[in-house]
Amino acid sequence: MSTLFLVGNVDRVRVKELFVRYRDVFDRTVEVEDVRSLFDRLYSDRLAACALEASEAAEDRWNYEEGVSLVVLESRAEVEPQVLDEMFRNFLPVFNLVSVCQDVDLKHLQKILERLPSEQVECCDRIRRMAHWMYYCPSKGCSSRIYSMVEQLQRVRRKGRRSIPGLIKNIDFNKLMVIPSELNRENYWRLLCTWAFQPHTLTTRELLYCAFILLQKLSADAGLVIPDNQLLLLLFTLEASYHQVNKFHNFKHAVDVMQATWQLCEHIVDDPMQTLLLSMAAIGHDIGHPGSNNMLLSKFGAPVARIYNEESVLENIHKDFFQELLSTHWQELLTISSSSKAHPNYDVISETILATDMALHADYVEKLKIIPKIADTNTLTSLIIKAADISNVTRPLEISAQWSCLITLEFNDCTLLQQHEENVVSRECNDDDESIHSDDEIYRCISNVRLLSPDDLVAKYPCIPRGQIFFIDTFAEQFFQELCEKIPHLEFLIENIRTNKKFWLEKLRTSPSKHN
Ligand SMILES: [Zn+2]
């Protein structure tokens, strides 16, 4: 899944010479007129890469995460390769892209090309790819073209506000969106306005559009208008900071949690600015998520775990990545987020993102039990985003079941990752494992318009009911019970949980195998 891009007037003879030994490393060659067209192409490929838009063949998914792509620039190109690489890192963070000039020093090119074949293999394998994101440790003189969390964190932590290059700023994102005309704004708005929000049938393009119209409204309500193209660039950058290849923790989950947060705010928050801040925190709350968890980061020595002293590692990463993104794309909002008069040292967006760490969940439940009512705004905002983050079990059964399947698939990947790190099972053996293929197959089904019914999902994945009961019993029921007692408007949440729980219990009871 890797592309060789030729940008501008690249000397074809020279390219042939350069790549004579490495032609097979790339799956395709794409020629574009200039750097601007290159970005257009990257963005539109990414939009079209989701299973809903691409054809059945995985070969058509150009998400730039399942391969390393190389960009060759013409002599005296409008931007230097290093500058272009910096733009890739800042605006398309999870893409595996590297650029060179056609007059590149041969030794330098050789160094890149020699490692490409093994890097291609690495990022085609979803477990090794995850391992790289999490555990890769950059050393001097030897860099990888594959995305890693620690390298992104190092970039984010480098001081200084980034400006947006004119080349990126001038992209007409509205034009890139091309929303099907039969589905107008009102249609999407209707989808957003209900607790039965169903993002599984939406493409990346449509998810971006939903996020766009919702944030457009919320920012107008809050009196903090952001130009359309600026908001779209922010959202495209955010989408390109989530791993599209993750089964659960991807941009779909981000949009879903934002929609839930906003819906909850509609019931309980009066201040439109607070609603905007919380909704923004929600869409950014899992940015850069590797599809695993804090335990796996710490257990096998991820460099990022050390950086945060093994405390709320992922949540700190999401917070820092998102702060940096906002400082580039919407500094005004970031300033407002941290300038509450009542709590001068409290940054709403950062604090609510940190509150999503499930390790703190029991503390929140305890707190809810003790306090007679939720009077403190900071507690309320944290509770809202937490509720939204685990709201899958409070959605109507048909929708809840889709999420339960996706999280099951992601947990399976975590198990495989753990085995991979423990070297218990070699990947060579696993490649023949039927379950791996069926995972991808069901993922394709679930991210397709043809949704599976809860019954069919359970038939395919018998472990789902037990997982759902465990989650509801351990985390959700008590939390939502306490929350709904304090805020009776939210009673529908606990009602849905009970309906869903009943269904899963019945499934368990009638399950042919009691030990799944
Ligand atoms: Zn989340």
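Here the Cβ of each residue, glycine as well, is placed from N, Cα and C on the backbone.
Together with His285, Asp286, Asp389, TrEMBL lists one candidate of His243, His253, His329 for binding Zn(2+) 1, that being His253. The binding-site residues listed here are Asp286, Asp389; among them, Asp286 has the most other Cβ atoms within 10 Å of its own Cβ. The candidate set comprises the recorded positions His249, His285. Of these, His285 has the most other Cβ atoms within 10 Å.
The separation of His249 (active site, proton donor) from Asp286 (Zn(2+) 1 binding site), Cα to Cα, is 7 Å.
For His253 (Zn(2+) 1 binding site), the count of additional Cβ atoms within 10 Å of its Cβ stands at 24 [all protein chains shown]. Surrounding the centroid of the Cβ atoms of His253, His285, Asp286, Asp389, where the record places Zn(2+) 1, the chain contributes additional residues within 8 Å, namely His249, Ala254, Val257, Ala282, His289, His318, Thr356. DSSP assigns Asp286 (Zn(2+) 1 binding site) to coil in the three-state reduction, outside any helix or strand. The two recorded residues Asp389 (Zn(2+) 1 binding site) and His249 (active site, proton donor) have their Cα atoms spaced 11 Å from each other.
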